[in-house]
Every structure is written in structure tokens, then in C-alpha cells.
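According to Swiss-Prot, the protein carries these features:
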BINDING   GLU151, HIS263, GLU355  Mg(2+) 1 binding site
BINDING   GLU153, GLU207, GLU214  Mg(2+) 2 binding site
BINDING   GLU202, SER267, ARG334, ARG339  ATP binding site
BINDING   GLY259, ARG316, ARG334  L-glutamate binding site
DOMAIN    127-466  domain 'GS catalytic'
Amino acid sequence: MSESDPVPGGRPGEVERATALSGELTGQGVHGVVLAYVDTAGIARVKTVPTAKLAAAAAWGVGMSPVFDTFLADDSIVGTDVLGSPDGDLRLYPDLDRLTMLAAQPGWAWAPVDRITQEGAPHPACGRTVLRRIVAGAAERHGITFRAAVEVEWVVGRGDAGGDAFVPAVSGPAYGAARQVELSDCAADLLAALAAQGVDVEQFHPEYAAGQFEVSVGALGPVAAADHSVLVRQTIRAVSARHGLRVSFAPAVLGQGVGNGGHLHLSAWRDGTNLHAGGTARCGMTAEAESFVAGVLGHLPALTALTAPSPASRLRLRPSQWAGVFTAWGRETREAALRIVTGTAGIRDRAANLEVKPVDLAANPYLALASVIAAGLDGLASSAPLPEEITGDPARLDPAAAAARGVRRLPVTLTESVAAFRTDGVLREALGPVLADAVIAVRLGEAGSVEGLDDDGVAAAYRWKY
């Protein structure tokens, strides 16, 4: 993965490398390279260049309007003081280190992009650039690096269902072998495609909701982990389409029931040592890891504007559904917003991590990871104390006892999340004013777009957007 921002004309050796890659891709029958980024609403937007134009894209980028930073999921446009107008242009620069032949889309390759201005400066609303900057800052100021992974949950619907209806393509029970058998051919093709693309799959299994599945991948650096989240979903869509199926990663496809999550797994490391294991603090954490977790916990209400950013997210964030809707943490407690994963004895030094549960796949993965890391670093820098651990379901706590222990419900509406984000100076500073204002404008636009709809209407509005 490229560690520096693109420059007009290309980084040293970049154009020559792109020329060589173009020849290799052409020789393998690749005709087009998909250039992908994720907008503020969490939608993956793309442009394609013919394989022969890859070197030109590496040198001078590909034009795209900055207006997409204030697109809503339904493609309507809101605005800020800086973004949302028809003016201006940006350049999309492919990260050649992440260039991937798409095994499920013969003739195609894929690459994530960084966005810079026509003058060659980093675009202030580029989430990938912001995440890279925050990660670099952590290494410079604290000597800390991170490993991250994003879980991917989705539902599989019948491709021949009428209109925008969701009809589960499988009927087996949650986590059941019958469901795996029903999707056997498609699942085998998916695993083969991911392996061919270099994606390290840890697990694949049926999930709880009707027609729901999950894939978990190995941990990488945060930018690469976010890239993989986008690539995995692209691959799932492509494989499923070849089998006549329709998939959705939306937080909720129905007004009731369990939704799709996108839990973040994150661990902080220094000099090759995992700070979440081998320490003398609770759950084997080091004192620094405890403070990092405390920072994430303290910023959780505002974080939901970035990690659970859709009106449909609220249909998923319900108590007692393992969605983590209370400001609580616990060791292997799946109802807590923050789950401390200690790992199995013998591999804890590499397996221990923090799982952030109030996250779904309507989130821009770059912004979600950037904001969670920024929150944790704030706690680490201030040596923030981690409150008492919670066991069991926080929803069952007596209200007075919950209040005394600092356990409170996360924002119930998207506008409440925005209000918390507005007052969170740490997160706003981490994103920068241009991007922070875009987040607010897009979230309020999404909330307004579904005003008056019941839960079923909200679910239907976002069912096939993600």
C-alpha cells in the first residue's frame, strides 16, 4: 500500500510500474480497471479506465467531481459551504499496491483510489487520505501501529423476486448446516474468488437473520483493511449475481428483526508487541490499551454518526440483539458496545483485540476506522480510566444502577448522533472541518429523506442501496 499522497506526474517509478502492470493485465485478458472510492454516505462510487490507460491514470489521475462527497444514498445532493456545488474537479489516483484482478469478474481489475485536487493537494474530504494521516500520526507521536479487520454480514435474496422485495434465497435455520448446503455452489465460488484475490478468509458461516451470512477476514493495517472491506463486498456481489442471486449489506432489509453488522476489530501494537495482551491491566491489557478502549467508549455517542450513519442503522441498533447499543464494555460480552476479545490461550499475543459492535456496512470504512482510532488515541494520550466492566445484557440493568456505572443508551435517532458529533471536538478535528461538515450535512439529509416513513418504509428505502 502506498504510504504517501499521490503527486501530479506520478510518484518516482509509478508510471513505469503502471505501464508494466498494464501489459501484464492485458496479457491476462483484463480490459478495464475499476477505480473505487467510498463517499460520505457509504456508497462505493467507481470510474473505469481501459487497461491501456492505467499508466495515464497513475500519472495524472482521472477526473471526478467533488460533489459526490455530499451525495445521499438515494443520489440526491446536499451541500456545505465548500462541497455540493457543480464547480471544481478532483483527480482519482489508483493505489497500484492494491491493484487486484477480479476473479469473479473476468476481464476486470480493481484498485482503490486517493483523491487529490487539480493543484496536487490532498482532497480534504478523502476518507482514505484522512485514515492514512491518522495512522501515520499515531506512529509518529506514540510509536503505535494498528491491525484491523472489518466483518462483512449480508443477506442473500432471490434474484427473481418482484420489484424491490426481499425474498430469502435460503430457508435453513440460523447458523444451520442446511443453509450452508443450500448456498453451497455459490459459497464455494466465493471462497475461491477471495483466495484468488489474496483475501485471507478466516471464517465463512450462516448468520442469524433470514438468508444472512458472514465472512471474516484476517487483520491488516487499517487502510488495507478498509480496502479489503470494499473489495470483499464487490466480490460477494459479483459471485452472487453469477448465481442469479441478489445481496444486500444494508443495516436492515426489513423493519423488524436482526440486521447486518460490520463490526470493527482493532488492536494497537508497538515494536511488534500487541498492547491488548500480556499486560497487567484488566483482561490482560496493558495500561495503554485500557486507556485506548476508554477513549473509544467515551466518544461512542458521537462515533455513531460515522459507524452507524444511516436511518436504517437505527433499525439494527436495538437492545438485546447483540448490536451493542449501550456505552458498556466487557470481556467477550456480545451485548456490550465494546467487546474485549482476549483470544485463546497460546495465541493471545497475536489474537487479542477490541471489537466495536455498533458498526454497520452503511459506514464508510475509512471514516469509521479513522474516527475510532482517533477516539482511542485521545483516551491513550490522556491516560483515560476505563470504567467498571459489564457482564450480561446491559438492557437488563436497573436504570439507577446503569446510570451509576455510566451505562447509557447510544443515540436512538440519526439526528441525536449528529448532535453528539457536532459537540465532539476531538472527532471533528480528526476529520478536519471540510469532511466533518460533509458528514453533518449528509447525515441530516438522510434523516430528512425518510421523515414520516415507518420502519418498513425506512428499510425499503435503503434495502438495495448497500
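Residue positions begin at 1 at the first shown residue.
Every residue, even glycine, has its Cβ placed from backbone N, Cα and C.
As the structure is a computational prediction, the values presented were derived from the model and not from experiment.
The local packing around GLU355 (Mg(2+) 1 binding site), expressed as other Cβ atoms within 10 Å of its Cβ over all shown chains, amounts to 22.
Taking the mean position of the Cβ atoms of GLY259, ARG316, ARG334 as the L-glutamate site, the remaining residues of that chain whose Cβ falls within 8 Å of it are VAL258, ASN260, GLY261, LEU317, ARG318, GLN321, TRP322, ALA323, GLY324, LYS357, ASP360. In the three-state DSSP classification, ARG316 (L-glutamate binding site) falls within a helix. Comparing Cα positions, ARG316 (L-glutamate binding site) lies closest to HIS263 out of the binding-site residues GLU214, HIS263, ARG339.
Take the CB of GLU153 (Mg(2+) 2 binding site) and look out to 10 A: across all protein chains shown you find 23 other CB atoms.
The two recorded residues GLU355 (Mg(2+) 1 binding site) and SER267 (ATP binding site) have their Cα atoms spaced 9 Å from each other. Neighbouring residues of the recorded Mg(2+) 2 site, listed in sequence order and excluding GLU153, GLU207, GLU214, comprise GLU151, VAL152, TRP154, HIS205, PRO206, TYR208, ALA209, GLN212, PHE213, VAL215, ASN260, GLY261 (Cβ within 8 Å of the Cβ centroid). Ranking the binding-site residues HIS263, ARG316, ARG334, ARG339 by how many other Cβ atoms lie within 10 angstroms of each Cβ puts ARG334 at the bottom. In this view, the densest Cβ surroundings among the binding-site residues GLU207, GLU214, GLY259, SER267 belong to GLY259, judged by other Cβ atoms lying within 10 Å. Across the domain 'GS catalytic' (127-466), the prediction's mean pLDDT works out to 96. In terms of Cα spacing, the binding-site residues GLU207, GLU214, GLY259, SER267, ARG334, ARG339 that come within 10 Å of GLU151 (Mg(2+) 1 binding site) are GLU214.
Just so you know, of the binding-site residues GLU151, GLU202, the Cβ with the fewest other Cβ atoms around it within 10 Å is the one at GLU202.
A Cα-Cα distance of 9 Å separates HIS263 (Mg(2+) 1 binding site) from GLU153 (Mg(2+) 2 binding site). Among GLY259, ARG316, ARG334, the residues given in the record as binding L-glutamate, the maximal Cα to Cα distance rounds to 15 Å. Pairwise Cα distances among GLU202, SER267, ARG334, ARG339, the recorded ATP-binding residues, top out at 19 Å.
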